[in-house]
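A.B. asks: Take this structure first; my questions come after.
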């Protein structure tokens, strides 16, 4: 990667998240907007990326072909859909480009493809790029070690009506952080739905509840409930800009890294706390 500014390409440039990513890339020192991508046939092709994001003219036009811009970026930032992200991953692996992946909803095969690609390129892959959420994940590990063996653990998440996967990637990351702290596998202890005559709560499980409504950016709560008291740890996002800033910060952090799979805890050095 280049020693000067890190040049980033933004996937899904015309979407809600894509526009925020463009704004964040233009604002962060050490980062240069190198390319912006949209799907073939989009009415936004040929638009100036900065003007599209409400940030003024940049001279970077929205393209549909990665081949056309492969010499214009060092790190590809992708918050799109799993199938599109995996296509972009193959291209970046072939051409030695770093990636920041904020796409959620991957199946196990998709996650394995990301792990495999990290043998050749540097990737930051996270369910949530908010600093606050990642601090919360660390707090959940600590709380689980103290309270997890004797409390009922529930994770409640809420997002806007347009979100297509459930539970959210962040909710799953919360469950994984708690399960890991308890030396469990989330696959063995997660309960994703309750309906009808369920019987009493099974001890040692981690429950998930999902809300989809309106324009909620993202709210997540983990509950450790006992008889007589409960601890709740909550994060609420009021703007997608917090995710965009974290993603662009991650792209900058990848400077000088040739390969490896990282997450926001690496970027923020939370593993040493």
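The first residue you see is number 1, and the count goes up from there.
Glycine residues also receive a Cβ, built from the backbone N, Cα and C atoms like all the rest.
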A.B. asks: Let me know which member of 39, 115, 230 Swiss-Prot also records as binding NADP(+) at the site of 12, 16, 17, 102, 103, 104, 129, 240.
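C.D. replies: Site partner of 12, 16, 17, 102, 103, 104, 129, 240 for NADP(+), according to Swiss-Prot: 39.
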A.B. asks: Roughly how many angstrom lie between the C-alpha atoms of residue 170 ((S)-2,3,4,5-tetrahydrodipicolinate binding site) and residue 102 (NADP(+) binding site)?
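C.D. replies: Residue 102 (NADP(+) binding site) has its Cα 11 Å from the Cα of residue 170 ((S)-2,3,4,5-tetrahydrodipicolinate binding site).
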A.B. asks: Would you kindly give the Cα-Cα distance separating residue 80 (NAD(+) binding site) and residue 12 (NADP(+) binding site), rounded to the nearest Å?
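C.D. replies: Rounded to the nearest whole number, the Cα-Cα distance is 6 Å.
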A.B. asks: If you count, for each of the binding-site residues 80, 104, the other Cβ atoms lying within 10 Å of its Cβ, which residue has the minimum?
C.D. replies: 80
A.B. asks: May I ask you to report the DSSP-based helix, strand or coil state of residue 159 (active site, proton donor/acceptor)?
C.D. replies: strand
